[in-house]
Amino acid sequence: MKTIFIFELKRWLKNWVFYLYLLIFFSLGFLISAIALGYFDSLSATTSSNRFINSALSLNGLLGQLGTFINFIIPAVVGATVYRDYKYNFHSIFYAYPFSKSSYILGKFLSGILVTVLISLSIGAAFLLASVLPFANKDLLAPIDFFAYIQPYLLFIIPNIFVIGAFVFALVTLTRNEYIGFVFVIILILFQSFIYNMTNDVDDKFWVSLLDPYGAISLDYLTEYWTIEEQNTLFIPFKSALLYNRFVWVGLGVLVFVATYFIFSFNYTVPSFFGKKKKAQRFTKNNFGGIIKINLPKVSYHYDFWNNFKTAISLSKFEFKLIVKNRIFLVFITILMLFIVFSGYTLGQELFGTRTYPVTWKVIGMAKGLLEVFLLLIIYLFAGISLNNASNFRINHLVDSTPVPNWVLLMSKVLGLIKMVILIMLVSITSGMLIQSYYGYFKFEIGQYLITFLGLELLYYIIVILYAVFIQGFFKNYLVGFFVIILSMMYPFVFSKIGLE
């Protein structure tokens, strides 16, 4: 285990991506803490608060904001430690080395976890640095207590990295698919949002808080009625709901990792979990045929703009099929429909004793809110996947040799993404109409659906697609591009806080 662990750790320490992640999270951590500590008071509104920014509870809240972004690099770090062997076909050689399964699994997993923890520590270091510099508003600071910086890591950051890392490591190892790790992280974030919304409708939040994979709802349950004095002076209480929540999810992570160990084997072929294996077909080669039998037609070549445009449209059909047949896309569509159904359940409930109908504008408003989250994530992810399809299928050199301009290939990918968005919108429209039918409301107003989704909303998402393709085009690693696009969502908030409009 030691040999593989040190090898993987050295590889990451020599990789520029590791230092890019460190720089990004340190910069974000410093910027967010600087905003909270009043660095830019002269440029924007004056900062004043009764709560200390460097109390244990406040620090945990700030770390939690960036903890969501940490989740997105777990597949790129923990998943990549094992996926790298499959990507470069090195596993066939690696599996022949005289080491045990435990050494391989533990070395790969622990090295990925350690690298992710090191990246997350840059956030705490940035918070600490921002609090000691003279630009900070001293009225917002309590005396520095290092345990207040350590406790969020011990209770939340490191356990969450371990749990999510165990799931991602299991999925990537057993399926040999790097994308599925990202899908799991997105599903987990959406699941937490669903659990958080459930707490608004239940009286006893204790049992619901145990379902939160990040432990944030359990902490809210314990500190809901704390006074300002308690928030400023007390450490995070490790008891009751939070204690049980951590034990449940860390225990689940251990079980997943142990199950991965027993299921994994040094096999060259990937195990089949979905569907039946295809039966091999016998192929008999005709060695006695000749090219003389083939009547080759005369080919005419046209490289004008119109024919290139038709080529882009034709290739977009292929790009669209690749997206639709992708299991990740099918998982997203299924989850989206489930969320629409669950959200639509509340549309027909009584409001102050009066029954309300699921009219079209209400259904559209509900669907738009869900679509904005799902579509942005899907576009950001599949923009990178589409641009890297040729490399992933190892036909990039063949594609480069084709007599087709670059703009044709790029346009086909953009059109494929636009078709994907249209398909998702049509699925949302159909789901909304089914919800209306369930409640006995049949005045669908299809025109309003089409104008809203395939008109105004589609134009917005076309701009998003162009932006995502533009950013992904700068990075050979689509994971880095995806992460940069996710971070760009914070720009409007950060700029407004530092006085830039």
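For all residues, glycine too, the Cβ spot is worked out from N, Cα and C.
Features of the protein shown, as given by TrEMBL:
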TRANSMEM  16-40  transmembrane segment
TRANSMEM  60-83  transmembrane segment
TRANSMEM  104-133  transmembrane segment
TRANSMEM  153-172  transmembrane segment
TRANSMEM  179-199  transmembrane segment
TRANSMEM  247-270  transmembrane segment
TRANSMEM  328-347  transmembrane segment
TRANSMEM  367-387  transmembrane segment
TRANSMEM  407-429  transmembrane segment
TRANSMEM  449-470  transmembrane segment
TRANSMEM  477-495  transmembrane segment
Key: CB contact flag for the transmembrane segment (153-172) and the transmembrane segment (247-270), at least three pairs under 8 A   = yes
Key: Folded-back contacts onto the transmembrane segment (104-133), same chain, C-beta under 8 angstroms, at least six residues removed   = 1-5, 7-9, 12, 18, 21-22, 25-30, 33-34, 37, 39, 53-54, 59, 62-63, 66-67, 70, 73-74, 77-82, 141, 144, 149, 152-153, 157-158, 161-162, 165-166, 169, 173, 257, 260-261, 264, 266
Message = Taking contact to mean 3 or more CB pairs closer than 8 A (sequence separation of 6 or more), are the transmembrane segment (179-199) and the transmembrane segment (247-270) in contact?
response = no
Note = Other same-chain positions with a Cβ less than 8 Å from the transmembrane segment (60-83) and lying at least 6 residues past its termini are 8, 12, 17, 21, 25, 28-29, 32-33, 36, 53, 108-109, 111-113, 115-116, 119-120, 123-124, 127, 151-153, 155-157, 160-161, 164-165, 168-169, 171-173, 176, 178, 181-182, 184-185, 188-189, 214, 216, 219, 236, 477, 479-480, 482-483, 486-487
Query = In terms of Cβ proximity under 8 Å, which residues at least six beyond the ends of the transmembrane segment (16-40) contact it?
reply = 46-47, 53, 62, 65-66, 69-70, 73, 76-77, 115, 118-120, 122-127, 129-131, 135-137, 140-141, 477, 480, 483, 487, 490, 494, 497-499
Query = With pairs closer than 6 in sequence left out, are the transmembrane segment (247-270) and the transmembrane segment (407-429) joined by 3 or more CB pairs under 8 Å?
reply = no
Residue numbers, six or more beyond the limits of the transmembrane segment (449-470), whose CB comes under 8 Å of its CB atoms = 360, 364, 368, 371, 375-376, 379-380, 383-384, 387, 410, 413-414, 417-418, 421-422, 425, 428-429, 432-433, 485
